[in-house]
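Visitor: I have a structure here, written as structure tokens, and I will follow up with some questions on it.
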């Protein structure tokens, strides 16, 4: 079984925490490092959240703080979904885990340059860290095996009618990534919204128990609350975790190759991922776009990872 070496770039975030939990435990994934970016909340908060998750689950992977601001646009956060801390719901003990002193962008560049081209980048927040790394050291581009990202949509957005939050939070960074020539896999809203976590799913993970079962329950109960308050929904998707699912077994997710372009023009479509689903532009595809996911398989995978945190001694 081949292990996928990855750097997980995230902005924790409730679904980010689920992605961290899965990536750190599944035997197919070799989680080299976690890089943090501003997104769901400001960088000081997303960093603390990432460290808290790692400490609670005893994940001994280095954590690096990255870009505190988007490349150009004014910063936005998703406090309506993720709360004042960015990870409201769970109660963590006193934090002793610390971030590394190296900046996330430098870590990404140095790690890729020293690699054999076998590292996959998994950005599940705004693409600020990845884009700045690409601009600072273009020689990393051929070193990236693949980028598997959560962001965008070929249908409607969730932060504006046109744009999904991660892309809208830094469209210029997304433009850099989507024009980089690196192989891209995009888990957009059309796919991730299929992973609706219901009270039944929460109860299933609670029955498994352990620290990850408890954390999953606390995270998703809060998510269900904000999803109902904001959208009237009885469940909440775990967007970012789909990227980890794809890396573990891409057969669980159907993709379609498309040409994708990020709209960086000011106006109602700012931050939209324009996906040429029908191929009408005649441009070569640059992205595998997620279409459907086997949800039974996916929740089984989540349960497998949750179960992995139960101590047997």
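Positions of Cβ are set from backbone N, Cα and C atoms, glycine also.
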Visitor: Among 240, 251, 263, 276, which residue does Swiss-Prot annotate as binding Ca(2+) together with 11, 16, 124?
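Guide: Record source Swiss-Prot; matching candidate: 240.
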Visitor: Sort residue 16 (Ca(2+) binding site) into helix, strand or coil using the DSSP assignment.
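Guide: Going by the DSSP assignment, residue 16 (Ca(2+) binding site) falls within a helical segment, counted as helix.
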Visitor: Just the number: how many Å between the Cα atoms of residue 227 (substrate binding site) and residue 16 (Ca(2+) binding site)?
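Guide: Distance (Cα to Cα, whole Å): 16 Å.
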Visitor: For the Ca(2+) site (11, 16, 124, 240), what does the 8 A shell look like? I mean other same-chain residues with CB within 8 A of the CB centroid.
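Guide: Apart from 11, 16, 124, 240, the close residues are 10, 12, 13, 15, 19, 39, 40, 125, 150, 166, 239.
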Visitor: How many Å separate the Cα atoms of residue 239 (substrate binding site) and residue 124 (Ca(2+) binding site)?
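Guide: On Cα coordinates alone, these residues lie 8 Å apart.
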